[in-house]
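Here TrEMBL flags 1-141 as domain 'Protein kinase'. Here TrEMBL flags 184-219, 220-255, 256-291, 294-326 as domain 'EF-hand'.
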Amino acid sequence: MGVIHRDLKPENFLLLNKDESSPLKATDFGLSVFFKEGEVFKDIVGSAYYIAPEVLKRRYGPEVDIWSIGVMLYILLSGVPPFWAESENGIFNAILRGHIDFSSDPWPSISNGAKDLVRKMLNSDPKQRLTAFEVLSHPWIKEDGEAPDTPLDNAVLARLKQFKAMNQFKKVALRVIAGCLSEEEIMGLKEMFKGMDTDNSGTITLEELKQGLSKQGTKLSEYEVQQLMEAADADGNGTIDYEEFITATMHMNRMDREEHLYTAFQYFDKDNSGYITIEELEQALREFGMEDGKDIKEIINEVDGDNDGRINYDEFAAMMKKGNPDAAANPKKRREGVFAS
């Protein structure tokens, strides 16, 4: 007889004490069950992001715990969940489809051993999925993991640099999108922010940013760090708060999610006319303390593809996806598709 936890997720693992070498303990066994070999369970339980596909099909066994830990490993390595949607049903549909992204940053810089383990833990067929013993016997685990040649968080640095090059319009749109993201989606970035905020003030100073990047193995000049600081510090108060950090460093593929783009477009389109005017853009930038009349006219001219003096949704989406390699690879979807189903 064994035990299936059925609700494994990061918040259900706690350190025994504050020591650096503290053991990690699994907690919250409220949904756990004892099982006998061959016993099948049918009730749907667990937390959406971590539920195995066979749970949704109401026929499962102990393999579901390996799936949940595989999801956790994916998040720990990339900072985002493998299956995501705006709603719980959307997450379930994504899990059942089973497509897992191993091409977006930071996956190209993650070792083949780590990717192999994640793939085998997230096999949609529970009979083909690794057992707990096989996970512990996997080369990547036995060899304490293979360190990539470049720091894992170079992907975050790349996002900071991309953010620096964006116009104010796009930066405000990203802040709106950042506000739509779930805790699971930004888990990795949240931990990175806490790691850089060494005095727990809720903000990152220039010195903390410099030290944080240095700890990640990133070598930048004083000038380059200053430039990144100024880019992320949207309100110009000399520090980066949590919202500013998430906005500047979140995964670029969030800009390719149609539902996020449309939410951001609606934020600017105050009168729901289907267009963003100069006045509406000025109002939005004022709300974020980023008003600059000259820049606004230049932005409108740059984004306004049909030269009618205003920005429609397609022009807005094109601006948001510009410079995002993930977006270029995906077929363009109409915004009507956001509400289909």
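Using the three backbone atoms N, Cα and C, a Cβ is placed for every residue, glycine included.
Each residue in the domain 'EF-hand' (294-326) has a pLDDT score, and their mean in this model is 79. Sorting each residue of the domain 'EF-hand' (184-219) by its DSSP state yields 20 helix, 2 strand, 14 coil. Secondary structure of the domain 'EF-hand' (220-255) per DSSP, as helix, strand and coil residue counts: 23 helix, 2 strand, 11 coil.
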